[in-house]
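This report refers to the structure that appears directly beneath it.
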Amino acid sequence: MAGFFAKLKEGLTKTRQNFVEKVEQVFTGRKKIDEDLYEELEEVLIRSDVGVTTSFELVERLRKEVKQRKLSEPSELTQVLQELIAELLGEEVQLNIAEQGPSIILIVGVNGVGKTTTIGKLANRFKNEGKRVILAAGDTFRAAAIDQLEVWGERCGVEVIKQKEGADPAAVAYDAVQAAKSRNIDVVIVDTAGRLHNKVNLMEELRKVKRVIEREIPGAPQEVLLVLDATTGQNALQQAKLFQEVAGVTGIVLTKLDGTAKGGVVLGIQGETRIPVKWIGIGEGMDDLRPFVPKDFAAALFGRADEEGER
Amino acid sequence: MFQGLSDKLQETFKRLKGKGKLKEADVNEAMREVRVALLEADVNFKVVKDFVAKVKERSIGLDVLESLSPAQQVIKIVHEEMITLMGGATGKILIASKPPTVIMLIGLQGAGKTTHAAKLANMLNKQGKHPLLVACDIYRPAAIKQLQVLGEQLKLPVFSMGQESPVEIAKASLKHANSNGQDVVIIDTAGRLHINEELMGELRDIKTAVKPHEILLVVDAMTGQDAVNVAESFHKELGLDGVILTKLDGDTRGGAALSIKAVTGCTIKFAGMGEKMDAIEPFHPDRMASRILGMGDVLTLIEKA
Ligand SMILES: Nc1nc2c(ncn2[C@@H]2O[C@H](COP(=O)(O)OP(=O)(O)OP(=O)(O)O)[C@@H](O)[C@H]2O)c(=O)[nH]1
Ligand SMILES: Nc1nc2c(ncn2[C@@H]2O[C@H](COP(=O)(O)OP(=O)(O)OP(=O)(O)O)[C@@H](O)[C@H]2O)c(=O)[nH]1
Ligand SMILES: [Mg+2]
Ligand SMILES: [Mg+2]
């Protein structure tokens, strides 16, 4: 199985050169730590979608560290900055799985980010761990969304609980939870229709889906995962805030990291919401899901993937 | 943050008393605020640099007017420059003199290609055309079905050949259109990364085979700094005729619009405003400029002055 970095590397070959050179210039191509260096660093961060505010903050923290640790070599800074970023991203967080009875995972996010695909990948993972999994076709709105989930169900050998197109998503979730309870299922993953966070009635619909799950199993849903597309810019912050408000997001899945986008926006999200990133998506295949490792991500943000080992 | 730009510029220029010309130092400070506002709106870093330089050039030496505060004057310049940059003919599909007109939609995964293929078909159908939708996404689970369902909703024909090679499907669809009196062929392609050489090659092959009149790049309006890399690659490989900017019914600032236009020069023809089949509009550069700046009201005031 191709490792996280091998895959990233594959994806980044074209833009990497340019980018790495730039970073190298920032840190090693100069003799002292000066204003220019900090400015260029800011640029590197902003280009990765980290956002102006968070980029400024990170550079501020770096300045402090430089003073405290009495650093003078620009080449020492890469490490420090990676540490700061990893620290901001927090520890690696495992999925919360119920000790007994079924765990319900609710998948939410705006349109086209990769929710349904991520469900296929997660189902595959759980299945390989020997868990009993079912999927709930809670996207009853988008054309052929149910068929799409069914294809994934077939691929992983997992049953899909569904109703007709146009049905109430909360009713589908209810059916799935009942099925899980009566059939000794370990994990239920609930798909939902893509919805923009600024659409009030669609967000209310989501609230209702969650309420039904809460009512049927105490402590459920064990996870509400917000799927974010790594190509997204600063709007991702709004997405995180509003989905958290309505659905109580417990983790983020950052998809499409196999492209050239860096997904730096999750740094800003960390600063403002503290929702941990739990998984990353690095392709369209069943195996293209990896646990999120803050330290590795921090390195990849700087195009330094080539220097790290395989996972 | 963005209501902010106007306030911050007011603050910046507060020291300016009475009339006179804007000095470089004043303008520099103002440009810092403009730069931050644009970056926070996801306008690409490099594009921001060039853009700010242009605005700065126009702002230095500006006479401070009675009717407008310096802050308002600078915002007016920013707004005008944005419209100039994003301007050009919009909302039109070039209809071929000899039918069928072939339109091909391409872009990253999940951008809205399939949805907009159907929306375009619906729009052209209402204009009296007879469109044929063509399912060339043989990879994504249920992609063909998705297009079929949309076609059914619209009562418009969908051409598919299962998992046959997309080039063959595209070729066959032209024949099919010719013999069935369909004068517009809209090809839906699979989402792909701009760095995937194999799949980019497939698009080139489709292009060679069917010579589309319009190759439209479908871009999610929420895209961040990477929008320029994506647009540049697709443009270089295929030669774009235009862009469809989708999901503008969200609350994104949509700085990607400015970035894409700046690096490719391609006009943004349509704006996607929702998931429904009639949620497509001609793109309006002036509205987009106000949106990126997040200041519709302020601008209306300035325009009246
Ligand atoms: N390159 C890449 N593509 C991905 C990844 N995850 C999903 N995709 C693709 O992105 C597109 C959208 O994925 P979906 O899973 O349908 O997204 P969704 O969020 O369920 O979409 P809606 O239900 O329409 O809101 C598909 O073409 C997927 O194959 C990823 O990690 N990398
Ligand atoms: N809110 C909103 N949603 C949109 C818009 N355009 C498309 N969508 C939604 O975005 C998601 C992805 O749209 P698709 O048309 O499947 O995108 P695609 O580019 O064909 O995706 P792939 O074939 O997987 O690459 C779906 O949930 C659509 O309903 C829009 O303008 N506004
Ligand atoms: Mg889906
Ligand atoms: Mg599609």
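Easy rule for this one: first residue shown is 1, then count along the chain.
Cβ atoms are placed via backbone N, Cα and C, with glycine included.
Quick look at what TrEMBL annotates:
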type    : residues                        : note
DOMAIN  : A:8-89                          : domain 'Signal recognition particle SRP54 helical bundle'
DOMAIN  : A:101-281                       : domain 'AAA+ ATPase'
DOMAIN  : A:102-303                       : domain 'SRP54-type proteins GTP-binding'
BINDING : A:109-116, A:191-195, A:255-258 : GTP binding site
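Mapped onto this structure are the features recorded in TrEMBL.
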| residue | record | Cβ neighbours (10 Å) |
| --- | --- | --- |
| A:Gly109 | GTP binding site | 27 |
| A:Gly112 | GTP binding site | 24 |
| A:Lys115 | GTP binding site | 26 |
| A:Thr192 | GTP binding site | 29 |
| A:Arg195 | GTP binding site | 21 |
| A:Leu257 | GTP binding site | 26 |
Restricting the binding-site residues A:Gly109, A:Gly112, A:Lys115, A:Leu257 to those with Cβ under 6 angstroms from ligand 2 leaves A:Gly112
Filtered by Cβ distance under 6 Å to ligand 3, the binding-site residues A:Gly109, A:Gly112, A:Lys115, A:Thr192, A:Arg195, A:Leu257 reduce to A:Lys115
The correct subset of the binding-site residues A:Gly109, A:Arg195, A:Leu257 with a Cβ closer than 8 Å to some chain B Cβ is none
Listed in sequence order, the binding-site residues from A:Gly112, A:Thr192, A:Arg195 whose CB sits under 6 Å from ligand 1 are A:Gly112
Rounded mean pLDDT within the domain 'AAA+ ATPase' (A:101-281) lands at 97
